[in-house]
């Protein structure tokens, strides 16, 4: 029977039948041939129906013609299944052993190739795993670098904030120092005024002592000088206190106002003391002039020397 009729018998398409015939002929199996419309065609027999059905079932299971034929070769002897009982198609006794050996070698070669293919697939799978690991490592490194960059940016911002705060503190310190310098200049000017007052007081005392012209006025002059010297020393002490207060105000800016108030109060006290001394000097000058007049009129009558009086005794006429 021809291909179309045989395909209907085995319930396959003509294309599938031709494909099976091609694989059988490539493996050295020969089917019966006939001539149809001037061309050679396969002449299928009744016994071929079972063979083609078995091959079609294996192809469906393996989804491959090559694998189907390999399994069928293991299950049964194809030489006895598909070789026809035709003497012209049977090999000679001399070639049977060689043919079987060739087939065995071919099958072994195919198995080796399949094993190599499996190894190559395993290598490819292993390389894919390595590539995934490398990708994960790169991702982790990128993440760590990103975190490092964020940390660096944060530290830079902190440094900038610290620099800004330091500059602010420095500016405030500079302003405080300038204020303290102004306060110190004011204290120095006030101290110089006090020194001027003391100097004028000393000048008045010296002038009045020169006008007295006798021993009594000289004693008064010395005592006045001692009192003036004490006032000057007191003013110097007050000035040094003012200087110390100014220096302390440079270190402790919060007590500048109190130190300045104390310095002004001390200067006022020194000025009041100087005024008292000037007043007492004027009274002593008047008394010395009276004593000088009395001594000139009574030069011929010596009098016993009176007891030396102190500054405060003379001041209160004791």
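Quick reminder: no glycine exception, Cβ is built from N, Cα and C everywhere.
Since this is a predicted model, take the numbers as computed values, not measurements.
What Swiss-Prot records for 67-157 is coiled coil, and it gives sequence analysis as the kind of evidence. Marked as region 'Disordered' by Swiss-Prot: 172-318. Sequence annotations record features per position, and here Swiss-Prot assigns compositional bias 'Basic and acidic residues' to 175-193, 219-236, 249-274, 300-310. Annotation comment: Swiss-Prot describes 237-248 as compositional bias 'Polar residues'.
For the compositional bias 'Basic and acidic residues' (175-193), residue counts in helix, strand and coil come to 19 helix, 0 strand, 0 coil, using DSSP. Confidence annotation: the coiled coil (67-157) carries a mean pLDDT of 81 in the model.
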